[in-house]
Amino acid sequence: MSEALLVQEAGAAPLAAPASGARQFWRRLRAQRAATAAAAVVLLLFLAALAAPLLAALAGQDPDTFHPELVDSAAGGVPRGSFGGIGADHWLGVEPQTGRDLFARIVHGARVSLGVAVAATLLQVTIGVVVGLAAALGNRRLDQVLSRITDINVALPLMVIALGLLAVVPPSFPRPVLIALVIGGINWAGTSKIVRAQALALKTLDFVSAARLSGRGRWSIARRELLPSLAAPVITYAALLFPVNITVEAALSFLGVGIKPPTPSWGQMLTEADTWYQSAPTYLLLPAGLLFVTVLSLTVLGEGVRTALDPRAASRLSIGTGREGRTKEQAS
Amino acid sequence: MTGFLLRRLGGAVFVLLSLTVILYAVFYVAPGDVAQIACGPRCSPAQVAQVTEQLRLDDPVYTQYGHFLQGIVAGRDFSTGTGVDHCSAPCLGVSYQSDQQVMRLILTKLPVTGSLVVGAFVCWILLGVGTGVLSVWRRGRITERLLTWLTLAGTATPVFVIGLLLIIVFCSTLQWLPSPTYVPFTEDPEQWAWGLLLPWVSLALIESAKYARLTRSSMLETLAEDHVRTFRAYGVGERAVIGRHALRGAVAPVIALSALDFGSMFGGAVLTESLFGIPGLGRELVHAVKVVDLPVVVGMVLVTGFFVVLANAVADMLYALADRRVVLS
């Protein structure tokens, strides 16, 4: 990322978190209608993902059972019935060719998508905060070394490296874990740059000097004084990274190098649906629509979080207008 | 300026060197049995031994890395079993699958990816900046809200979803367009443009959203500044204020972001190429990954890294040139 752009961006974030913290944040977030609606959708998706086996059992289905009697093998495996076999037994129809229940596969797919994205985001934030804080608080040499490592991290093209890594790691390694590790390990430079810039700015403020003069150690200052003030920009950035991570997982699975069958994932369903869109359009529209709704809600929620955490942005800009907390390129 | 350039160059060389070390470690050392990978899963132990001999895989790791680096800087020779093949600098090795030199492979794919990226770039800049200006011009009205939501939807849609839908609507259902195929520009410019139309549009729709938002927020920021108020007080019309003065505020960030996007996309617009079957760098990489063709994978990643580093440096410089307030250090 361009240094000049980034410094400007980090500067646009609030320097110190508002004093009254969580309650004020919720109030500001609830004041935005779009963000509240998006939060509700996101909550629903998370609940569905957590309760996936339960929901599937409620529908009386599971994601892996083949139902050859439900597809018309004479017509090449097209689901029998209207709209891809939607009915009382199969709420969203069945998969062409195999006849597996789509509702069960979709909710189990949500589990994979959201789980991978959550893990990847946590990893990015953790590495970013540790590296950024260490660079800001350590001596000059440590800062130089860490900044160089961050530069190298920036130069790693996410999709390309992820593709390469997925090729050499043995297939026995659990795929969802691997994908989360790859995304988290490659794409943390944005967080660390923001944390470093903010921590350097905070370091010059009086309350940090006071803590230092009272004889507290470097790491105690980092934990007790800096971290709380860094929460706002870090949470904002994480909220914007999260939807990107969902897209990256879907993209890798779409390319056939991500989540492997039989584990269901939305990206992988899209690849398979590619050949069925004429005879079974619901099979394509379901994962595509869900992916769109998920990423859109998360993005709107991320913007809402940014506005709620940055009162200056709230007065200046309405939803969807903020300076992009740019992440590494959205997969293209 | 010269000092800044030299420092940036030094930094870029350092980053690229580190990249070669990381890539070498990850792809050649970590997987273990490179000879088996190079030879293929059905190779007998004797054949594997021959490959080990041919690729000199029993040398110590640092010697092998030395050869790898030497190839990039000065070129190297490869034994092909029957003779010796010279690979001139910058040599990225020889494909395990096709025995083709990786650099030559990349050079043949570069114009394809170039066609895709340059065309899409023109579309997304026009569309993105245009949308941004329009939404500032119509701010406070229904047009602005509509554009804001449209761009938000654009940032939320993965390129393969929009591409898939475009193919289905325009190629299969309406049949207005033939299925996208790549025809080289030198062969038939008209076919070239028609074949790339949908990929350009898909990429542009997604990418332009980012630019619309950047343009809009930069322009709004400029509009709030004192000098703009002064212009207004002097009686400068709204059209001139927006078209001439506010737009100027968006130039520097848009140029910087374009340089970054342009650079990273040159490494292969992996998804777009795979979806539309465009035989560029991205699709070649996906293929190389699926057949575990290590030299091709490493070469591609390195070339992409090169473009990203280059783009970062260029972005910083353009930013400073376009915005005089930035001091290079």
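From the backbone N, Cα and C atoms, a Cβ is placed for every residue, glycine too.
Please treat TrEMBL annotations as automatic predictions, because they have not gone through curation.
So that you can see what the record holds, here are the features copied from TrEMBL:
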- A:110-302: domain 'ABC transmembrane type-1' (DOMAIN)
- A:34-59: transmembrane segment (TRANSMEM)
- A:112-137: transmembrane segment (TRANSMEM)
- A:149-170: transmembrane segment (TRANSMEM)
- A:176-195: transmembrane segment (TRANSMEM)
- A:226-246: transmembrane segment (TRANSMEM)
- A:283-302: transmembrane segment (TRANSMEM)
Non-local residues, at least 6 beyond the ends, that sit with Cβ under 8 Å of the transmembrane segment (A:112-137):
45-46, 49, 143, 146-147, 149-150, 176-177, 179-181, 183-185, 187-196, 198-200, 203, 218-219, 221-222, 226-227, 230, 234, 237-238, 241-243, 245-246, 248-250, 259, 263-267, 291, 294
Grab the same-chain neighbours of the transmembrane segment (A:283-302) for me: Cβ-Cβ under 8 Å, and only residues 6 or more beyond its ends, written as numbers and ranges.
34-35, 37-39, 41-42, 45, 79, 84, 92-93, 95-96, 102, 106, 109-110, 113-114, 236, 239-240, 242-243, 246-247, 250, 266-267, 269-270, 272-274, 276-277, 319-320
Please report, as numbers and ranges, the same-chain residues at least 6 past the borders of the transmembrane segment (A:176-195) whose CB is under 8 Å from any CB of it.
1, 6, 9-10, 13, 112, 115-116, 119-125, 127-129, 131-133, 135-136, 146, 150-151, 153-154, 156, 158, 161-162, 165-166, 169, 230, 233-234, 237-238, 241, 245, 248-249, 252, 258-259, 263, 325-328
